[in-house]
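Residues or ranges marked as Zn(2+) 1 binding site by Swiss-Prot on the basis of sequence analysis: C40, H65, E66. According to Swiss-Prot, the feature active site, charge relay system maps to T42, H45. As annotated by Swiss-Prot, Zn(2+) 2 binding site applies to C95, C98, C101, C109, with the evidence given as sequence analysis. Residues or ranges marked as NAD(+) binding site in Swiss-Prot: I177, D197, R202, L264, G265, I266, I288, Y289.
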Amino acid sequence: MKIKALSKLKPEEGIWMTEVDKPVLGHNDLLIKIKKTAICGTDVHIYNWDEWSQKTIPVPMVVGHEYVGEVVGIGQEVRGFEIGDRVSGEGHITCGHCRNCRGGRTHLCRNTIGVGVNRTGCFSEYLVIPAFNAFKIPANISDDLASIFDPFGNAVHTALSFDLVGEDVLITGAGPIGIMAAAVAKHVGARHVVITDVNEYRLDLARKMGVTRAVNVAEQKLDDVMVELGMTEGFDVGLEMSGNPSAFNSMLKTMNHGGRIALLGIPPSDMGIDWNQVIFKGLVIKGIYGREMFETWYKMASLIQSGLDLTPIITHHFKVDDFQQGFDIMRSGMSGKVILDWE
C-alpha cells in the first residue's frame, strides 16, 4: 500500500510531496496513524540543505519528528498500549545496551538515532516507532499541543535543569523553544524572566506568553533593562537557545557569580568564549540534548494540566497539501509553531 509523505528527495533546497510504501510493523513497534505534525527548525535546516544537513541526512528520506497520532497497529511483543491510544513520541531512538542506557540515562545514549534525521520520519500518513518511544497523551491535552511535545520537551528539559523558584532568568533566543522555556520559567516561580532577540515578531509572541521583559538587543541594552528591574547582581540562571556567539557572550557578562547556564542552542564550532567570565564567576555550564526519557514527558503533561498555556506559540495551521506555505512562513521567521493537518 502506498501512502502520502513529505520527503527529502534530492540533495538540494526543498522538500517534496511523494508516495512511499506504508511502513512495516515490527514485533516491538507501534503503527501510528498521523493526525498532526509540526515543522521544526531542524526541518527548515533540512529544507535549506545547509552544511549540517548535507553531512547528516540520507537522501531520499521521509522527514519530520514532531507529531501526534493514533495507535492502529501493535507489535506482538508490545504491552501497555491499545488500539486507539492517542500518542506522540520521543524522536531519539536509543540503543538500550550502552552504559547510559543501562543506567537509565537514555537521553545520553551515545548511539542515538533521530526520527526524521537518521531514519524515516513522521511527515507521512503512518509512522512506525519502537513502543518504548511512544508517550500516551492525556485526554485533556489537545492534538495541537501534543504535536509540539518534542520541542516543548527541549524547553522543559532546558528550563528545569536548575532550580528557578525566586530566581532571575535570562533566555537568549526567542525562537519557539526559547519562548516556551520562558513560559515554563514563569509558571514554576521565577521572579524576572527576560528574553532577548532581534526578531520583533517573536519578541511580541514572548510578551503574549507572559515574560517579564522581551528585549530587542539591536535597540536596547540588557544592562539598562536590569537597572529598570532593580537587579543589582546579575542573572541567576541563563538558558541559551540561539547558538549566537554574541548572545552567549552577553549572557556570560550579565550572569551573577555562581550562576548556572543551560546550553541548547548550537553555536558555530569555532565560537570564542571569554573563559575568564566562567572561571572567576564560578559559572556552571550544562549542555542539553533532547529530553530526559521519560521524566521530561511527564513534566510536560503536568505543566499543561496545571495551567501552563502554550496556545499562543502555535501561530499557523495548514493542510498537509499546503505544506509549502508552512515551510515558507517558517523560513521567513514570522511565525511561532506551524502545524500541518494530515486528516
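Note that Cβ sites are derived from N, Cα and C of the backbone, with glycine treated the same way.
Around L264 (NAD(+) binding site), the same-chain residues at least 6 positions away in sequence with a Cβ under 8 Å from its Cβ are N154, T158, I177, L239, E240, M241, I288. For the pair I266 (NAD(+) binding site) and T42 (active site, charge relay system), the Cα-Cα distance reads 11 Å. Here C98 (Zn(2+) 2 binding site) comes close to C109, R110, N111: these same-chain residues lie at least six apart in sequence, with C-beta atoms under 8 angstroms from its C-beta. Annotation note: D197 (NAD(+) binding site) sits in a strand segment as assigned by DSSP. With a cut-off of 8 Å between CB atoms and residues at least 6 apart in sequence, the same chain places C40, T42, D43, G91, G114, V115, G116, V117, G121, C122, D150 near H65 (Zn(2+) 1 binding site), listed in sequence order.
Note on proximity: of the recorded positions H45, E66, D197, G265, Y289, the one nearest C101 (Zn(2+) 2 binding site) is Y289, by Cα distance.
The two recorded residues, R202 (NAD(+) binding site) and C95 (Zn(2+) 2 binding site), show a Cα separation of 37 Å. All protein chains shown were included, and the count of other CB atoms within 10 Å of the CB of I288 (NAD(+) binding site) stands at 20. One way to see the shell of the Zn(2+) 1 site is to take the Cβ centroid of C40, H65, E66; the remaining same-chain residues with a Cβ within 8 Å of it are T37, A38, I39, T42, D43, G64, Y67, G91, G116, G121, C122, D150, P151. Annotation for D197 (NAD(+) binding site): same-chain Cβ neighbours under 8 Å, separated by at least 6 residues, are T172, G173, A174, G175, G178, L203, A206, A214, V215, N216, V217, S242. Neighbours of the Zn(2+) 2 site: apart from C95, C98, C101, C109, residues of the same chain with C-beta atoms within 8 angstroms of the site's C-beta centroid are T94, G96, H97, R99, N100, R102, T106, R110, N111, T112. For the NAD(+) site listed in the record, the two most distant Cα atoms among I177, D197, R202, L264, G265, I266, I288, Y289 lie 23 Å apart. Here H45 (active site, charge relay system) is compared against the binding-site residues C95, G265, Y289, and the shortest C-alpha distance is to G265.
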